[in-house]
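Peer 1: Sharing a structure here in structure tokens format.
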Amino acid sequence: MATLPFSVVDDILLSGRAGRRSLNETSIQLDVWRAYAASPNAPVDLLLTPMDSIEASTIAKHLVAALADRSTEAYPREDDGRWRPARRIAPLEGIVAVRLTFIDFLITVVPSTGLDIHQAVRTLKDILGLPPLAQSELDVVPGPGSRISPARRVTFARLEDLKNRILGRLAPDLRTALLVLLILAPEPTTASGTRSRAAMDLDKLLDDLPRRAEPLIYRVSRNRHVHPMMASSVNTIKADAARRVFDISCRGVTWAVIDSGIDGAHPAFIDHAAGDLSIRVKKAYDFAELRLLVAYDAMALPQQRDYLAGMMMTKLGLREAEARSAVQRLWEAADNGRPYDWEILSQLLQTRPDRLPTPRQGDRPIGHGTHVAGVLAADWRNGDDVFFQGVCPDIMLYDLRVIAETIEDTEFAVIGALEFVRWLNTRNRYMTIHGVNLSIGLVHDKANYACGRTPVCLACEATVDSGVVVVAAAGNWGAQKFVLDGGAVYDGYADASIADPGNAESVITVGSTHRDRPHEYGVSFFSSRGPTGDGRSKPDVVAPGERIDGPLPDLGYGRLDGTSMSAPHVSGAAALLMARNAELVGKPRDVKAVIVETATDLKRERHFQGAGLVDVLRALQTR
């Protein structure tokens with residue numbers, strides 16, 4: 001198969017009769033086509049969004065059935081000795097994660113988007129049988145009944161010639177089919193650099209391509225990778241003064257930190273009020289494991305259900321009959337489109353809060369999550385000698401791990417963690433988790449997604465709707481290099497560079513400022529700038545994010561920079577508000593309104609600073 005640069009993919013999909021378009025006209029996002037065009041032999045990790053009336057499990061079952069007889073040899077295996085399903089088909093609430101090679105994608109996913117790829121390729125086959133002059137006069141759309149003498153075999157050069165002649169006259173389905181043929185065609189050059197004469201058999205391809213199927217899939221996008229948004233900062237937001245003036249305890253408030261994990265054994269997280277060596281990291285869950293546990297293509301296999309039953313017997317101490325009954329409930333829920341049994345899954349995902357895994361043998365644990373949690377919640381002291389305190393030194397924490405430097409560090413894990421938070425809060429009349437901190441970012445590609453409508457943004461909106469405060473880092477993509485005409489490089493700042501999930505309307509999106517001189521230095525050079533791609537004002541506020549002190553794993557201490565460090569300052573502000581005003585619990589939009597309305601204006605551009613520097617003391621005085 002041939003590899004194509006991004007520019008060729010964009011030219012094909014964004015061309016049109018009226019000139020170049022800004023948006024792709026199909027359900028399959030540009031970044032998906034770019035990924036397959038760049039590495040056509042490598043599987044791509046995808047998120048499939050169902051049509052409104054279609055359950056995610058319906059798509060998962062369709063994929064398993066359609067792929068049952070297809071080889072998995074093209075799917076690379078990890079060398080850690082653990083068996084994993086090749087495609088990892090995993091449905092969640094409103095999405096399905098799957099990784100597919102281009103051929104498997106073409107056969108199973110494309111027809112389910114409503115695109116009749118079979119008919120489009122057949123129409124192109126007919127067009128390729130025309131002489132060049134006739135081709136140049138065509139305005140064509142796919143349709144049956146052609147009387148043209150079709151071509152049977154075609155080279156890359158012939159397809160490229162067709163693209164150059166009539167691309168702008170082709171309907172969107174035909175342009176998509178042309179891109180498919182260019183990717184499937186033999187490489188245009190030989191190993192010696194000469195023009196290849198190898199040709200593709202179009203009749204054989206048509207035999208393999210299915211006809212248009214019932215539309216099941218609304219959108220196909222990449223399962224994006226998660227990036228940490230990497231610093232006397234508590235005083236800057238007046239949290240120390242607020243605690244002294246109002247004598248607030250946050251022991252009744254619990255915050256979930258969705259990140260790389262918290263080193264619960266660090267003395268910064270000791271529960272001093274308990275009078276023993278207990279810690280304030282109440283529970284820890286590893287969501288990097290979620291996809292492997294719920295992979296539909298794996299759970300359909302008896303050996304995987306045996307593995308899960310054995311895991312439950314070993315980890316949970318269940319008898320064999322109990323374990324097999326629990327696995328059967330998981331399988332039936334997945335097979336019938338019901339929500340996952342989080343009661344079971346949560347126990348399988350639960351891990352020790354006082355131990356962090358290392359990404360590779362001999363490495364140190366990732367320190368990002370420990371540092372973020374420390375800015376929010378550290379209380380590192382020996383008796384009355386305080387070494388370091390965060391914004392809320394007695395708040396309780398849940399450690400939801402989604403970053404571990406593996407292929408599973410993706411949007412899917414974050415969405416799963418947010419779904420778990422919503423479930424957890426339905427178990428009792430009171431809220432188990434009051435807020436979530438997301439010091440992570442996913443690059444927002446404006447050509448592929450409506451701003452604020454990506455899967456992770458929608459999951460955040462659902463979490464806010466359930467009564468949970470969600471605080472997100474704005475991102476560290478504010479400073480960018482621009483290549484000018486002539487090749488000169490200009491160091492500047494990028495507007496509309498807010499990261500997901502900070503683009504979600506209801507989350508509190510936090511940019512960065514200096515740790516103790518915010519009025520003098522203003523907004524940090526790296527802090528992502530607004531507005532959002534659809535014109536909303538973001539970030540909402542700024543908080544210290546430069547050279548921020550905090551705990552690190554293995555009794556460590558150090559400084560980190562980034563909006564990752566800014567976000568937990570605002571999480572702390574929200575927690576203090578709810579600790580003092582119980583009426584704000586379960587009302588995240590009211591909490592956001594107070595924080596935004598009481599922020600201190602730094603006299604900077606609105607799309608840089610939002611409402612300004614978060615001011616905890618003023619916020620508490622207002623309510």
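Just so you know, glycine gets a Cβ as well, placed from its N, Cα and C.
Keep in mind that this is a model prediction, so the values were computed, not measured.
These came from TrEMBL, pasted as-is:
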DOMAIN    251-612  domain 'Peptidase S8/S53'
ACT_SITE  Asp259  active site, charge relay system
ACT_SITE  His368  active site, charge relay system
REGION    524-548  region 'Disordered'
ACT_SITE  Ser564  active site, charge relay system
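Could you place these features in context, so I can see how deep they sit and what lies close by?
Peer 2: For the domain 'Peptidase S8/S53' (251-612), the predicted model reports an average pLDDT of 88.
The local packing around Asp259 (active site, charge relay system), expressed as other Cβ atoms within 10 Å of its Cβ over all shown chains, amounts to 29.
His368 (active site, charge relay system) counts 23 other C-beta atoms within 10 Å of its own C-beta, drawing on all protein chains shown.
Under DSSP, residues within the region 'Disordered' (524-548) fall into helix, strand and coil as 0 helix, 5 strand, 20 coil.
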Peer 1: Let me check the 10 A CB neighbour count of Ser564 (active site, charge relay system). How many other CB atoms are there?
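Peer 2: Step by step: centre on the Cβ of Ser564 (active site, charge relay system), count other Cβ atoms within 10 Å, giving 32.
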Peer 1: Can you grab the distance from His368 (active site, charge relay system) over to Asp259 (active site, charge relay system)? Cα atoms, rounded to a whole Å.
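Peer 2: Between the Cα atoms of His368 (active site, charge relay system) and Asp259 (active site, charge relay system), the distance comes to 7 Å.
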Peer 1: Can you check what DSSP calls Ser564 (active site, charge relay system), collapsed to helix, strand or coil?
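Peer 2: It is helical.
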